[in-house]
Amino acid sequence: MIKGRINKIYYDKDNFYIFSIIRDNHEQLTLKGNLPTEITKKIRPGNLVSTTGQKVWNDKYKNHQITVNKHNIEIEEKGASEEDLEVLEGEVTSIVYKDDGFNVFRIDTAEDFTCVSSSPVFIGTQLELKGYFEKNDYGLNFNVVQSKELPFSDKQALIHFLSSKFFKGIGKHFATKIVDRFGLDTLDVFRETPEKLTTISGIGDKRAATIIESFQEKMKIKEVIKFAVKYEITENMIFKLYEKYGKELINLLQQNPYLITELRGIGFKKADQIAQEIGLEKDSNYRINSFLTYYLSAKSGGHTYFRLEELIETIEEELEIEQAFNQVLKAYYQFEEISYTIKENGELVTKKFTKDFVLFTEDDLDPLTEDSKQDLSLLAKQEKLCVATEKSYQQEVDIYDKLKRINSRSATVNLATAEIKELIKEQEQEQGFTYAKQQREILEQCLKEKLVVLTGKAGTGKSTVSKGIINMFTENGDKVLNLAPTGKAAKRIIEVTDKRAHTIHSACYNLEFSNYDVIMVDEAGMLSTSVAHMLLKRLNQDHTLVLIGDVAQIPPVQPGNIFRDVINMINSDFIAGLFVELDEIKRQDSNSHIATVCNKIAEGTNPGIIDYQDIRSVKKDNEQILDYITRLIKDELEGDEVDFSNLQIISPQYNGIVGINAINELIQEEFNPHDYLIETKYKKVKRHDKVMQTMNMKELDIVNGDTLEVLRIENRAKEDTEISREGAADKEEIVICKLDNGLEERMIEYPKQDFIKYTTLAYCCSAHKMQGSEYPIVVYILSTSHYIMLNRNLLYTGLTRGKEKVYLVGQARAFYMALNNEVNQSRNTVLDLIKTHKLAQINQE
């Protein structure tokens, strides 16, 4: 009988497997054969194999092979046969490599191998390890299945542990003196009678306090890491919370596990899993509060509030509770506020966890107070009780207040009417054309208003008018700050106006807005509530705000509808401002048909046969689309290495044979000949791949939607930190990428795990991700399999990303499904409610 642990799987197809095992004597064998499903499902690294097959030497692979079948092989799941696990004991002497949930380390009894464990390890600790040996490309490893920390049985090992750099105020000299005095009971003294430390010569109250504080922090860190391992949270993530909440973290998490959702990448569902394992009641106020916050943010469909009655059924189904209406009221009125203390700017500050949602009525809008309890049943019957996140609610209230304050002062016009007209005439002569009536109107009036809004479809001259508006304000003596939601949109401003421009995020982080008089925002239709709030809170009543966008495009991905709300406010005379909609196509080039076709699509009009030099429809079935894309790219972008900065493929959905994921895999395989830098089950990335950032990361100064080129991975010495330096590995992997967001080129250095989590291949993207960007060539995929996402607004948005050539590739039926489907783009927003409520009050007066 031959036994061993599965080491590596080389081949598996149609139940034919080739895999290796490693025996107790470290001999590696290759097994191959056709096996039934009940056996193949157990073929996973680490599982124990027993076989009676015969070893045969394979000269080609220079090892012994065994042909196996269902009669001569048995496989036990990892850990099922504990007596077959080897046992090692030793002191952790070094941590070779450390990644989230993965530790490679050495122990003092290991001569020619490293240990690999998913459990936390600390230098100097004594461990009992149970596991098995395996070989890989890096040599021999001992894979740890179980680990247990042992009490110190040797004084020298304890001295080594205490003299590590983790313990402040000790060092080898005092570690020796402490162990000489207390022996192997030293750690018990630290825990139970720390005052005894001052009986040792040279250790006063201050040094003793420093030593005990270091020891207690180490114990807390162990507790935090154990929590992270138990609930499959990465160490890097849990330490971000530890940095904020310190020693109180575990206690706070036990009371309110939904605190974990503060971490980027962890949402309600993961937190809820932890909460249920901890034993939190299903109708807990913390649970209801967290679910409402999650739903109103991630599942809102762009709305910033809901009528509460619309959510009751969803709450009851998702949380498996009854009487959800009453439970929401309980969470609102009886929320248990937890106090905690943190350090801010070197000082201890006491704060509280409070509820994250507000209840209000459509008639009042002010958040409900204790006094309104008695009227709730009546409000519910009248279907007027609403719910929103506290953050979003307050942001929209702030936005309304800021717009009102901006309008509280009159605009300063330094030019006479005759001077304005003369200036417009000079611009016309310089540009070689005459402004249309609507364009002239906004140029003549823009200086007289504190709020200016311009909209128009593709080709109607928004960019031309934008340049004119900037010139008008400049001649008026105003300093203009040009902004856009994305780098590529900001670059477009620079190309059209020959003026500087910034992304909104970059300006808010780095610029002083008081140095400018006019804040001008292009692609304003992309403004979500949170981004608009971030921008507007930096404006004062002396600023003029200019918003330019295209209402035919899809609204922002995130909750809110600021651009349309502001337009509605001006049109209803709720706030003062100038609003102009351009509706005449101004592009003069006889070979340019992109704007004409796109505008017909936006209006729901059949554009007829699309076969022009700059925009073309190519009919292909799903099975033909991928092959056609490959040939098209080879024709359009010639060369050994294609430059995909000039071409963007757009597909409405991620899944399916012509979805974003499948197309990205195809393009990577066909056009990137380089080796993989990262190859995991869910992520494969090569050098020079085009990738996209999927989340704002202020620490790297990059935003959701930025595109980058992957350059290389570097192993670097890992910097020590205050909380984890003891367990820090010697090296960490850094992914180096080149950012080109249209405004700048610079290197971005990602920790490998952040790169894996927050980037995705970007040869093909969704239309939502492409908003604010333009490319010389755009290929738009049309398939009936994407029927949920087939609508004219999305199609229009995607096609207008193309500057020089646009290809519609796919099924004709899918095109007409999109053309005839106009999605209602209105959203329930608090800002719109404020307008309606205030106007009703005015009319009553």
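Positions of Cβ are set from backbone N, Cα and C atoms, glycine also.
TrEMBL does not curate its annotations; it predicts them automatically.
Bear in mind that the values here come from a model prediction, so they are computed numbers and not experimental data.
Taken straight from TrEMBL:
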- 195-214: domain 'Helix-hairpin-helix DNA-binding motif class 1' (DOMAIN)
- 258-277: domain 'Helix-hairpin-helix DNA-binding motif class 1' (DOMAIN)
- 448-573: domain 'AAA+ ATPase' (DOMAIN)
Counting only residues 6 or more past its boundaries, what in the same chain has a CB within less than 8 Å of a CB in the domain 'Helix-hairpin-helix DNA-binding motif class 1' (258-277)?
231, 233, 237-238, 240-241, 244-245, 252, 284, 286-287, 289-291, 293-294, 298, 353, 695, 757-758
DSSP assigns the residues of the domain 'Helix-hairpin-helix DNA-binding motif class 1' (195-214) as 15 helix, 0 strand, 5 coil
For the domain 'Helix-hairpin-helix DNA-binding motif class 1' (258-277), what is the mean per-residue pLDDT, to the nearest integer?
90
The domain 'Helix-hairpin-helix DNA-binding motif class 1' (258-277) resolves under DSSP into 15 helix, 0 strand, 5 coil
For a three-state summary based on DSSP, what are the helix, strand and coil counts in the domain 'AAA+ ATPase' (448-573)?
57 helix, 23 strand, 46 coil
